[in-house]
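*Asks:* Relevant sequence annotations retrieved from TrEMBL are reproduced here:
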DOMAIN    3-138  domain 'Photolyase/cryptochrome alpha/beta'
BINDING   Tyr236, 249-253, 289-296, 387-389  FAD binding site
SITE      Trp321  site 'Electron transfer via tryptophanyl radical'
SITE      Trp374  site 'Electron transfer via tryptophanyl radical'
SITE      Trp397  site 'Electron transfer via tryptophanyl radical'
Amino acid sequence: MPKRIIYWFRNDLRLHDNEGFFKATQDAEEVIPVFVFDTRQFQQLDRLGFPKTGTFRAKFLLESVQNLQDNLRKKGGNLVIRTGKPEVVLSELAREYAAEAIYTSKEAAQEEADIETALSKKLKVDNVDFEVFWQSTLYHPRDLPFWVSRIPDTFTEFRKAVEKLTKIRPTFATPTVVRLPEGIEIGKIPEIYELILFSSLPVSDARGVLPFHGGETEGLRRLKNYFWDTDHLKVYKETRNGLLGEDYSSKFSAWLAYGCVSPRHIYEEVKRYEAQRGANESTYWLVFELLWRDYFRFITLKFGSRIFKVSGIQHNILQKWENNQERFQQWINGKTGVPFVDANMRELQLTGFMSNRGRQNVASFLAKDLHLNWTWGAAYFESQLVDYDVCSNWGNWNYVAGVGNDPRENRYFNIHTQATRYDEQGEYVKTWLPQLANVPAAKIHQVWNLSPAEQKTFGVQLGNDYPKAIVNGNKWLKR
Ligand SMILES: Cc1cc2nc3c(=O)[nH]c(=O)nc-3n(C[C@H](O)[C@H](O)[C@H](O)COP(=O)(O)OP(=O)(O)OC[C@H]3O[C@@H](n4cnc5c(N)ncnc54)[C@H](O)[C@@H]3O)c2cc1C
């Protein structure tokens, strides 16, 4: 039995169903849990003018790390905190504390995989073992009925095959005791301004769907609330396209992205709920959506860095995209003059969250109506979303931009149709664009057509209180 193992926490900030951490506590006499704030993740993207990680996500991460440290302390352990490049910091720690191995979770995307490779190289020369555990999906890639390189190009084909042929592995137990060696220097969780220069904690907006506090404890509380306390799971399929409030969908995404909650734990809770309160289409649908999450992870494994390129998974080098900063800023700031797009972009800017319906529409608008370089949109989401997940974000953007691997998924969103269907009364738009509060429901989703007299009556002057539309919105009315 090795005497000492370092467990490197990455996007698996939890103690329940954490195979790598569980095994570390079993395999070694002493375990040193470590989290490294990777400085590269917080750098400013000079070309685009925002940081790679924005303040909503940074706050959520800081809270998640704090909660993990608290939970480890309750088990007799602690969480060692460092800031720097993980591959350098961890190899030095292994030397300093004479660790015989480093265990960690395996990531799907290129940057993260490159760090694993660099760390593994450094450890080899010091004779330190390195073991990685895949633990971010419902289905384990080794259990899939096909090689990752042969994952079907359509989600439906993938889903049908795995639902029929693959079993979801059971969850791992939470370790009861963590034995930390004596004399370890713990370090300190940084302040947000030490990660993102000149930043401060974001102010919470009362209109936001949830306050989103990071950490395993809060994530499990949200699960209990959504499933057991309020029974919202029972009607998920009917409500999931909503736009306002905490109840229309699970809001699990941020906790899933940082691994505060395990998808297999959610699955087991769905099964327990079905056994106790009944199965229906809604209980199935939540697992169905988690399968989309799995799919984008496997697609990332299959296509590697192609998901980040403007030519996309399709390697479509013929399509031209515009790099127009002025239009991009109008999109970011919710100043396109298309209320449904602007309301969603304001929500994202002020809270770090946007519904799935909103994401599909604003992404389609950027790529298909403004013809802007879709990777800029994806990069802004990466910075701004509290629930940013590399595979789900870049994978979904590939699909909406029409450069994904499934040609049938190449859809165009008619923004007016979508707005009138999902925000019939204009309640959502009015929440985020209060200057349109007096515009009647029948006109709110085409304010660009308001006559000067109507503008006067409804107390909104186009070009002054609210922008004139930057596209011809009437193309959506000719269906
Ligand atoms: C352009 C675009 C970018 C996106 N970027 C992200 C991202 O960075 N991170 C992220 O977690 N999701 C992303 N999504 C997917 C989806 O919008 C969010 O997962 C969802 O809105 C989160 O809210 P929820 O947890 O209440 O979802 P629910 O409707 O309650 O769904 C439950 C869970 O299923 C998963 N899920 C649902 N829909 C999708 C989907 N289309 N793709 C992948 N997983 C899904 C999520 O983990 C979600 O938490 C993106 C979608 C689009 C169209």
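Placement of Cβ uses the backbone N, Cα and C atoms for every residue, glycine included.
TrEMBL: automatically predicted annotations, no manual curation.
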*Asks:* Taking only the recorded positions Lys251, Tyr295, Trp374, which have a CB closer than 6 angstroms to any atom that belongs to ligand 1?
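*Replies:* Going through Lys251, Tyr295, Trp374 in sequence order, those close to ligand 1 turn out to be Lys251.
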*Asks:* Including all protein chains displayed, how many Cβ atoms other than that of Tyr236 (FAD binding site) lie within 10 Å of its Cβ?
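*Replies:* Taking every protein chain into account, the count is 22.
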*Asks:* Cβ distance under 8 Å to Lys251 (FAD binding site), same chain, sequence separation 6 or more: which residues?
*Replies:* Val209, Leu210, Phe212, Arg222, Tyr226, Phe353
*Asks:* From the DSSP assignment alone, can you count helix, strand and coil residues within the domain 'Photolyase/cryptochrome alpha/beta' (3-138)?
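*Replies:* So the domain 'Photolyase/cryptochrome alpha/beta' (3-138) is made up of 59 helix, 34 strand, 43 coil.
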*Asks:* Rounded to the nearest angstrom, how far is the Cα of Trp321 (site 'Electron transfer via tryptophanyl radical') from the Cα of Glu289 (FAD binding site)?
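*Replies:* That separation, Cα to Cα, works out to 30 Å.
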*Asks:* How many Å separate the Cα atoms of Tyr388 (FAD binding site) and Trp397 (site 'Electron transfer via tryptophanyl radical')?
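*Replies:* Roughly 12 Å, rounded to the nearest whole number.
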*Asks:* Once the DSSP letters are reduced so that anything not helix or strand counts as coil, what is Trp397 (site 'Electron transfer via tryptophanyl radical')?
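*Replies:* Going by the DSSP assignment, Trp397 (site 'Electron transfer via tryptophanyl radical') falls within a helical segment, counted as helix.
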*Asks:* Once the DSSP letters are reduced so that anything not helix or strand counts as coil, what is Trp321 (site 'Electron transfer via tryptophanyl radical')?
*Replies:* coil
*Asks:* Rounded to a whole number, how many Å is the Cα of Trp321 (site 'Electron transfer via tryptophanyl radical') away from the Cα of Tyr295 (FAD binding site)?
*Replies:* 27
*Asks:* DSSP on Tyr388 (FAD binding site), three-state: which is it?
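*Replies:* The three-state answer is coil.
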